[in-house]
Amino acid sequence: MTAALIDGKAHAAKLKARLIEETARLKAEHGLVPGLATVLVGNDPASEVYVRNKNKTAEALGFKSVHHHLAETASEAEVLDLVRALNADPSVHGILVQMPLPKQIREQAVLDVLDPAKDVDALTPTNAGLLLSGRAKLVSCTPAGMMILLKETIGAVAGLEALVIGRSLLFGKPAALLLQAANATVTMAHSKTRDLAEVCRRADILVAAIGKPEFVRGDWVKPGATVIDVGINRVPAAEGKTKLVGDVAFAEAVERAGHITPVPGGVGAMTIICLMRNTLIAAAALAGLAVPSV
Ligand SMILES: NC(=O)C1=CN([C@@H]2O[C@H](COP(=O)(O)OP(=O)(O)OC[C@H]3O[C@@H](n4cnc5c(N)ncnc54)[C@H](OP(=O)(O)O)[C@@H]3O)[C@@H](O)[C@H]2O)C=CC1
Ligand SMILES: Nc1nc(=O)c2c([nH]1)NC[C@@H]1CN(c3ccc(C(=O)N[C@@H](CCC(=O)O)C(=O)O)cc3)C=[N+]21
C-alpha cells in the first residue's frame, strides 16, 4: 500500500484566496489594513528565510508588514522595549517574535510583555490558557494548520488514537489540546517515553514534532494511519548541497501510512498562511469588528 500525499500547498492556497477576499472587504468596508510585525534576533540563516517569507506573504495579502532585525548580541531590555513599542503601535495587529532567541534573552520575559491581543503565535500565557479553557481566539499556527489538513483529508477524528511526539509550547502542547477538543484519544510522547516504537504502532494519527531527521521509522507506523510530519531538518545531500527532511523516514512510512504529509509541502506550508489568518482575526478584534470566519 502506498499512502496518499496530503498536499499542504494546495490547502494553503485555498485559505490564502479566502484571506485575500476578507482582507479586501475589511479595507473597503472599514478602512482596516491588518499589520504584521516580525522580530528576528540574531543571524540564523533558516530563521531569516522564514521571516522573509512571512513578510512576503503578508504583503501579497495586502497587509502592512514591518520587520525588525536585532543583532545576535542584543540585550533583553532592547527586545522588551521593541515589543512594548509594537504593542503601542495602532497600525500593528500581529507581533511575531521568531524563536529560538539568543541565550541572553529569556523567552518568558518576552512573552510576559507581549500583548495577548497581538500574540499571533498564541505563545503568551493568556492565549495558552484560553486554548486550555476551550475559548481560544488565536490558535498556534502549525497546530491550526494540522487540524485543517486532518479535517480536509480524513474528516472527523473523533474516537481515533492520536499520538503527538514532542511537547513544545509552539507545537506539541497546543496540537494535543486541539486533537483532544476534536474528540481524539490523545497520547503525548517525548524524550523520556519508553518503547516509543510500540506507542507509535497504536496511533491512527501519528504526529511527529521532534526536530530529529527521519527519527520515526516506517515500521513504527500502523498500517493505514495518517502521518503528520512537523519536523523541518536541513541535512547534507549529494554534491555538497543540502535538503529538507522531516522527523519521519518518508520513503519507509509512505509504504505503510494511509495519508502522509511530505516535507516540504506538508504541514509547514500551512504555517505561514495560518499566521496571516491570525493577524486578520487580531486586526478585526482590535478594531472591535466581528471576527471573520475564515
Ligand atoms: N512546520 C512548521 O511550521 C514547524 C516546524 N517545526 C519543527 O518541528 C520540530 C520540533 O520543533 P518544536 O515543536 O519547536 O520542538 P522542540 O525542539 O522545542 O522540542 C522537541 C520535542 O521533541 C522531543 N524529543 C526530543 N528527542 C526525542 C526522542 N528521542 N524521542 C521522543 N521525543 C523526543 C522533546 O522531548 P522533551 O520535552 O522530553 O525534551 C521535545 O518535547 C523541529 O524540527 C522544528 O523545526 C516547529 C514549529 C513549526
Ligand atoms: N515564534 C515562532 N513562531 C513560529 O511559527 C516558528 C518559530 N518561532 N521558530 C521556527 C519555527 C519553524 N517554522 C516554520 C515556518 C514555515 C515553514 C515553511 O514555510 N515550510 C515550507 C517551506 C520549507 C522550505 O522550503 O524551506 C514547507 O514545509 O513546505 C516551516 C517552518 C515556524 N516556526
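For all residues, glycine too, the Cβ spot is worked out from N, Cα and C.
What TrEMBL records for 6-121 is domain 'Tetrahydrofolate dehydrogenase/cyclohydrolase catalytic'. Per TrEMBL, domain 'Tetrahydrofolate dehydrogenase/cyclohydrolase NAD(P)-binding' is recorded for 140-284. What TrEMBL lists as NADP(+) binding site is Gly166, Arg167, Ser168, Ile232.
Listed in sequence order, Lys173, Ala176, Met188, His190 are the same-chain residues at least 6 apart in sequence whose CB falls under 8 Å from the CB of Arg167 (NADP(+) binding site). Considering other CB atoms within 10 Å as the measure, the emptiest surroundings among the binding-site residues Gly166, Ser168, Ile232 are those of Ser168. Checking the binding-site residues Gly166, Arg167, Ser168 against ligand 2 with a 6 Å cutoff on the Cβ atom leaves no residue at all. Broken down by DSSP into helix, strand and coil, the domain 'Tetrahydrofolate dehydrogenase/cyclohydrolase catalytic' (6-121) contains 62 helix, 19 strand, 35 coil. Across all of the domain 'Tetrahydrofolate dehydrogenase/cyclohydrolase NAD(P)-binding' (140-284), the predicted model scores a mean pLDDT of 98.
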